[in-house]
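Have a look at the structure below before the remarks.
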Amino acid sequence: MATCPVLQKETLFQTGDYAYRIPALIYLSKQKTLLAFAEKRLTKTDEHADLFVLRRGSYNADTHQVQWQAEEVVTQAYLEGHRSMSPCPLYDKQTRTLFLFFIAVRGQISEHHQLQTGVNVTRLCHITSTDHGKTWSAVQDLTDTTIGSTHQDWATFGVGPGHCLQLRNTAGSLLVPAYAYRKQPPIHAPAPSAFCFLSHDHGSTWELGHFVSQNSLECQVAEVGTGAERVVYLNARSCLGARVQAQSPNSGLDFQDNQVVSKLVEPPKGCHGSVIAFPNPTSKADALDVWLLYTHPTDSRKRTNLGVYLNQKPLDPTTWSAPTLLATGICAYSDLQNMGHGPDGSPQFGCLYESNNYEEIVFLMFTLKQAFPAVFGAQ
């Protein structure tokens, strides 16, 4: 497996008095600003999650380096009596509003306990910012208005984690990828299925999309295709030994049956991965206008050796490339962002990922040409 050279690599969150998990990254292109979020935990376990932290990075397009500011706690992203988990940033380019979605889980009640008892103590929340994350609104609990009575049909649920999506349609629709463990008849355990929360009015109201087939958990979405052929692509964690993908022809409301993506391997219990769409940088006559990039551990036995994969035909699950290695050792969750053109003229990406056995969360920056030089050499 080839190793990818990088433009920059820097540890942003380091375990000490606190642990850090679940990275989320968003790039605000006009401001040339990166916002890196993570859960700050009392220990590494889910039950000891507490609040979110944020580091703000200023990207210098001349030096191709990011200067990071000190860590700050996002105190507004907190629902009393609950712990904040799964940060999901979303930027509405039309209203210039930054959303931070997350789940709030009561006390120290674990996901396992909710699955065993069928008692859902998880809430859907968000905060917003109109100054690119410098100040934030008070928290809003969207559970009753968005999920309603369906909440009691789920043993628990989650969002993302990681970046969300604004569609290129007229409404500028907003999508928050999510998953829920739906309760089954008494002899069956709750089963996970992915879906999206949708807004067609810039976040004033939200609705539930319909579920993808079972065996789909933590997920991310991207928009691929052109014109009337645009579809929402969903890539999800599974326990099937490989990722699953599904596509929606109607802005994330309905998804066709999922497909197993055998080239994107999963460890036995699965792991979160990140997917992002970006404009096709080549001039090939038969090239589609959007490609996909994906990051995830490359080992089918355990969470180790973070790789990046490329798909030049996004809807075909058989056309994913072999991975290029981004980081060695125990690596887990990651989040990708497209940062425009890099110094070599090819698309540039930022990646925030868990490293060193969950001891640190690292930011690295690389170009498509660094990761997949053969793509450009073949032109």
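Cβ atoms here come from the backbone N, Cα and C positions, even for glycine.
Pulled from Swiss-Prot, these are the features on record:
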type     : residues                                             : note
ACT_SITE : ASP46                                                : active site, proton acceptor
ACT_SITE : TYR333                                               : active site, nucleophile
ACT_SITE : GLU354                                               : active site
BINDING  : ARG21, ARG41, TYR179, TYR181, GLU218, ARG237, ARG303 : substrate binding site
REPEAT   : 127-138                                              : repeat 'BNR 1'
REPEAT   : 197-208                                              : repeat 'BNR 2'
MOTIF    : 20-23                                                : motif 'FRIP motif'
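The average pLDDT computed for the motif 'FRIP motif' (20-23) is 97. Secondary structure of the motif 'FRIP motif' (20-23) per DSSP, as helix, strand and coil residue counts: 0 helix, 4 strand, 0 coil. Sequence-distant neighbours of TYR181 (substrate binding site): residues of the same chain at least 6 apart with a C-beta under 8 Å from its C-beta are GLN114, LEU115, TRP154, ALA155, THR156, PHE157, PRO190, ALA191, PRO192. According to DSSP, ASP46 (active site, proton acceptor) is assigned to a helical segment. Neighbour density at the Cβ, taken as the number of other Cβ atoms within 10 Å, is lowest among the recorded positions ASP46, GLU218, GLU354 for ASP46. Checking the recorded positions (ARG21, TYR333, GLU354) against ASP46 (active site, proton acceptor) with a 10 Å Cα-Cα cut-off leaves ARG21. With DSSP states grouped into helix (H, G, I), strand (E, B) and coil, the repeat 'BNR 2' (197-208) comes out at 0 helix, 5 strand, 7 coil. The Cβ of ARG237 (substrate binding site) has SER216, LEU217, GLU218, CYS219, ARG243, GLU266, GLY270, CYS271, HIS272, GLY273 as same-chain neighbours under 8 Å, each 6 or more residues away in sequence. With respect to their backbone Cα atoms, TYR179 (substrate binding site) and the residue listed as 'active site, nucleophile' stand 16 Å from each other. Assigned with DSSP, the residues of the repeat 'BNR 1' (127-138) fall into helix, strand and coil as follows: 0 helix, 3 strand, 9 coil. Taking the Cβ of ARG21 (substrate binding site) as centre and 10 Å as the limit, one finds 22 other Cβ atoms among all the protein chains shown.
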